[in-house]
Amino acid sequence: MSTNGDNHQVKDSLEQLRCHFTWELFIEDDEMPDLENRVLDQIEFLDTKYNVGIHNLLAYVKHLKGQNEEALKSLKEAEDLMQKEHANQASVRSLVTWSNFAWVYYHMGRLAEAQAYLDKVENICKKPSNPFRYRMECPEIDCEEGWALLKCGGKNYERAKACFEKALEGDHENPEFSTGYAISAYRLDGFKLATKGYRQFSLLPLRQAVSLNPDNGYLKVLLALKLQDNGQEAEGEKYLEEALANMSSQTYVFRYAAKFYRRKGSVDKALELLKKALQETPTSVLLHHQIGLCYKAQMIQIKEATKGQPRGQNREKIDKMIRLAIFHFESAVENKPTFEVAHLDLARMYIEAGNHRKAEETFQKLLCMKPVVEETMQDIHLQYARFQEFQKKSEINAIIHYLKAIKIEQTSFIRDKSINSLKKLVLKKLQRNALDLESLSLLGFVYKLKGNMNEALEYYERALRLAADFENSVRQGP
């Protein structure tokens with residue numbers, strides 16, 4: 001029977017390890033089902049040479065769910081894969097798996113087995129150049145940490161990129177390190193699309209990763225999307241066709257190829273690919289969201305073709321597109337309640353359906369969220385302000401939320417839209433009442449934000465004079 005002293009001694013040793021239990025992977029409880037689904041999908045459908053890490057992550061997720069026996073099975077699979085995939089460097093590559101074994105056994109109260117794995121780690125770390133007893137600084141472990149962070153969501157992407165950068169310092173031409181760095185760069189670029197002045201940087205890393213991994217269809221389709229972002233759609237389509245011709249990782253390739261086609265305007269082709277992928281991964285949050293966006297795009301196409309006046313069959317088609325989009329957006333947020341962008345798309349689609357009650361409920365959920373990206377919160381306030389202005393006819397609430405969007409000082413196109421929307425609303429109010437003190441002050445504020453200081457001073461002075469006149473009239477009485 002173990003003593004408390006043994007327990008503390010083992011725990012102190014465990015804290016020194018480099019593994020999923022010590023990497024501070026930020027995973028919310030309501031994100032766990034989606035994370036587990038994505039991990040299982042990757043194991044089954046992503047053809048990659050880098051599968052050991054994903055089994056380690058699955059073990060960690062199983063542990064968090066209280067399924068330690070299942071966690072041990074996943075670690076055993078990781079250990080077996082290590083022998084097949086990295087036999088020449090299995091000892092160093094096994095450090096993360098052995099460290100996770102030690103932690104799981106510790107949590108199960110099996111201290112002797114935990115200590116046995118600690119001993120295995122210590123034996124590998126015994127090098128004259130290594131000052132640590134239970135840890136080793138090496139690019140392979142930096143890479144494993146990067147993969148784990150990358151899989152655990154947007155709040156971890158910067159740290160993931162830093163891990164892959166550190167790994168590449170030790171081996172510039174390593175295909176796996178290059179792949180991880182390129183994917184983390186691509187994800188970070190996606191976060192910053194709305195940021196004014198942001199210089200996207202993933203194109204060169206993606207080109208480098210594709211050159212080092214010429215058979216990787218997943219990387220090629222990401223490169224195709226990035227080229228499309230940069231206005232190089234023709235070159236992007238060449239990589240896309242290569243990815244689609246390759247049988248590897250087809251479920252993943254279909255997801256991103258569909259995005260390429262949707263943005264190109266080939267919505268039917270996009271839907272065809274997404275439905276094929278959905279047959280393989282029916283709970284995929286990304287797929288449901290992308291399908292919803294396709295139906296939204298089809299709705300917009302019909303509206304534009306009918307100049308916003310759809311009748312008869314066109315009206316029926318639009319109603320069908322709205323229902324289908326709502327179904328898929330609802331599926332996305334059901335499987336991942338923290339998916340802010342899908343919630344926002346769902347709220348807008350409820351508005352299209354005329355279901356203001358559901359739209360309000362969805363916006364209230366959104367207003368309680370804490371998105372990783374500030375621009376997302378700006379967009380939540382902007383869209384809610386528009387809902388209040390145009391559907392609920394509440395100018396007061398609209399102004400409040402335009403101001404809340406503007407108050408988030410991250411420079412972005414969304415913030416600019418919020419400023420312009422506030423200006424339009426205030427000018428409309430002043431047309432009805434040129435002596436509206438609040439509107440005069442707000443217009444001065446808008447011009448100040450735009451850098452038009454002369455106009456700002458003019459409206460501030462008019463507001464001050466109006467306030468002074470009002471105060472004098474109150475003093476003088478009737």
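Backbone N, Cα and C atoms are what each Cβ position is placed from, and that goes for glycine too.
Annotated RNA binding in Swiss-Prot involves G190, H289, Q290, K336 plus, out of the candidates K220, K259, K370, the residue K259. Taking only the Cα positions, the spacing between H289 (RNA binding site) and W147 (mRNA binding site) is 24 angstrom. For the RNA site listed in the record, the two most distant Cα atoms among G190, K259, H289, Q290, K336 lie 20 Å apart. In this view, W147 (mRNA binding site) is surrounded by 23 other Cβ atoms within 10 Å of its Cβ, with every protein chain counted.
Sequence-distant contacts (6 or more apart, same chain, Cβ under 8 Å) of K336 (RNA binding site) comprise E31, P33, D34, V285, A342. The CA atom of W147 (mRNA binding site) is located 24 Å away from the CA atom of Q290 (RNA binding site). Taken residue by residue with DSSP, K336 (RNA binding site) is part of neither helix nor strand, so it is coil.
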